[in-house]
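For reference, the structure is listed below as structure tokens.
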Amino acid sequence: QYSFKEVFGTLVVQKKLFDVVAKPLVEDLIRGKNGLLFTYGVTGSGKTHTMTGSPGDGGLLPRCLDMIFNSIGPFQAKRFVFKLDDKNGVDVQCEVDALLERQKRDAMPVPKTPSGKRQVDPEFADMINVQDHCKVEEVDEDNVYSVFVSYIEIYNNYIYDLLEEAPFEPIKPKWNNCNTPVRNGDFIPPQSKILREDQNHNMYVTGCTEVEVKSTEEAFEVFWRGQKKRRIANTQLNRESSRSHSVFIIKLAQAPLDADGDNVLQEKEQITLSQLSLVDLAGSERTNRTKAEGNRLREAGNINQSLMTLRTCIEVLRENQMYGTNKMVPYRDSKLTHLFKNYFDGEGKVRMIVCVNPKAEDYEESLQVMRFAEMTQEVEVARPVDRPLCGLTPGRRFRNQAFREELSRKLEMRGGPINGETEEQSVSEMFLQNFPPLPSCELLDVNDDQTLPKLIEVLEKRHKLRQMLSEEFAKNVLAFKTMLQEFDSSVVSKENYIQGKLSEKEKTIAGQKTELERLEKKIKTLEYKIEILEKTATIYEEDKRNLQQELESKSQKLQRQASDKRRLEARLQGMVAETTMKWEKECVTAKQLEMQNKLWVKDEKLKQLKAIVTEPKNEKPERPSRERDREKPVQRSVSPSPVPNAPPVRLRHRRSRSAGERWVDHKPPSNLPTETVMQPHVPHAITVAAASEKALAKCDKYMLTHQELASDGEIETKLIKGDVFKTRGGGQAVQFTEIETLKQESPTGRKRRSSPSHPDPPEDAADSEWTDVETRCSVAVEMRAGSALGPGYQHHAQPK
């Protein structure tokens, strides 16, 4: 599927095709703009038929000519008022020079310019008999127009003039159709033309024949004369296949009338030359289908090459416009693209008609043609063309005609001549007819009395006639002076009006120039601001990219940290669970030991009470031996364990006091020296002021020296002993076993309890002396894992 601006069916008429495609180009031509119309397609698809037409139904070319002459017919200049030079320019000359040029050209035998009074060739009469009478609206009526046509062909990448009349030269050898010299032939091979560039950088064909035409019939007769010379051949695909690209060029020269509206303004700068080129391209073809050989094969190669160059130029133009590149367009690779280079650069509007043959054999070629044609729609090359400003009052032509009609009417009312020709005839008649002829003045006789009176009578009549002519001349002079005065006054008023308008226009132009300067300054300022903003945007974009990269790296780092944190949390949760289980087990064990110690203490109290109770009255109380108790332990009830499956309590055995044991002698710094004879002495002891793990780890025994004030006011020293053993948490635990008391008393006081003469102490005294461990020890050391005193230590102090 391909998209185009307009698609015409197989039954479309030539008029509809002309109205849609060619009519806008003709309107632009009359308004001073250039145009180019292509017919493009596979060989045998109907390109020449679309351009030329058929009998009874003219194609685009005759309809374009008919519309041009219908529009400018009453405003055409006389022949040779516009004169084309050999540099693609146009000159204007006065009517006298144009008349002399016409007389000179009429005297020449060749080439003859077609005349509108000649009989139209019946061969193409039906093609130009267009009944539509199509014309351009709003044609500038103060301009005069002239149409020039030329017809060229591009054959094997050479340009030939189809309107050139080859003169007969008997001296030079002649050539026939087989390219062999003959002596009495009439054919001379035409010379190829050269492309040149004019001062406006437009391309033109040097030495090309350009014929001025005044009607549709003349123009089409010139075209038909060149069409007969165009190269066609019979191929397998087309009986009359075009073997060259034909270009029919219509040039329209227009110039404004002068201020009087009578003659053409003799200023070359005011001339506008526009051009409409109608191009019938040769069809692209594949040689394996046309079975071309020899010259036909070479022609097909050149045709395809020129069409390929055209396609390449369009593709480069499209790429330059779409992507902002500045690639060089290869116009010079082909004469076809080189000739119309200005159109592709924007000098005019370009239209292309794609002809498609619905035959199945042309399927692949038609696809290529439509693909290229669809791509050309994306190329926009048209740009406005500035027309020269005339500066004269519009409507000059009709005002001049009205002035002439009014002048003729007034002269007719006064009895004068209606026009110059009548005036010239009346004056000649008055001088030739009204003057009486002079009689014979020869006096043959003295008595001749007739000759002189007749002469006197004739002279008197002539005198009267002269007086009458003088009076009439005076009247005419007076009337002409009056008309001149009226004309001068009208001219002065028009000049004043024009001066006022010009001053207003100049003020407007000056204001517009000032506004333009202000806008240009504003544009420069805005461009500078835009440049600064672009630089700032570039900097911000760079910062944005850097921040995005930094953000990505930070997010990746945070993701890694989060994953590490999750792994660490999982690991710590495992460790916490494991440690929790471990400490729960140790706490249960410690609790069991504590409960067993309490039970043992209570058993000890009960044993002491029992020994006291059962001791005889007359016997000396003695302290129960713990060694005997330990050797023969009393069976006691075991309290239920607070934690099931707890390990059994370790039995306490009294250690031997051998020299190999090491002691930790814990003497707090608050103790006072006793100055007693008996002092505690422990060999191999480590004396410390505070319990430490290092000291406990090296020893087996622990001894705490505790001082307190007794009830009689004396200082009592207690030595609290215990065994050291390791715990499961990796620390050291002390299990207290016995207490030794050292007491110093005054001789005036009561007797010591150790004396045998003392009576039995009451039960409360025994209770006060023999108490539990908490009563006998004010400071306890407990080793626990993770305590603040070190690994496995915690210190508790309680007042007694």
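Cβ atoms are placed via backbone N, Cα and C, with glycine included.
What TrEMBL records for GLY41, VAL42, THR43, GLY44, SER45, GLY46, LYS47, THR48 is ATP binding site. Feature annotation from TrEMBL assigns coiled coil to 502-578. The compositional bias 'Basic and acidic residues' feature in TrEMBL is assigned to 616-634, 658-668. Positions annotated as compositional bias 'Acidic residues' by TrEMBL: 762-771. Under the heading domain 'Kinesin motor', TrEMBL lists 1-379. For 612-677, 743-771, the entry in TrEMBL reads region 'Disordered'.
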Under 8 Å by Cβ from SER45 (ATP binding site), counting only residues of that chain that are 6 or more apart:
GLY283, CYS355, VAL356, ASN357, ASP362, SER366
Near the Cβ of THR43 (ATP binding site), how many other Cβ atoms are there if near means within 10 Å?
24
If you count CB neighbours within 10 Å, which one among the binding-site residues GLY41, GLY44, GLY46 has the smallest count?
GLY46
Other than its own, how many Cβ atoms are within 10 Å of the Cβ belonging to VAL42 (ATP binding site)?
27
Per-region confidence, the domain 'Kinesin motor' (1-379) (mean pLDDT, whole number):
81
If you draw a 10 Å sphere on the Cβ of THR48 (ATP binding site), how many other Cβ atoms land inside?
24
Around the Cβ of LYS47 (ATP binding site), how many other Cβ atoms lie within 10 Å? Please give the count over every shown protein chain.
24
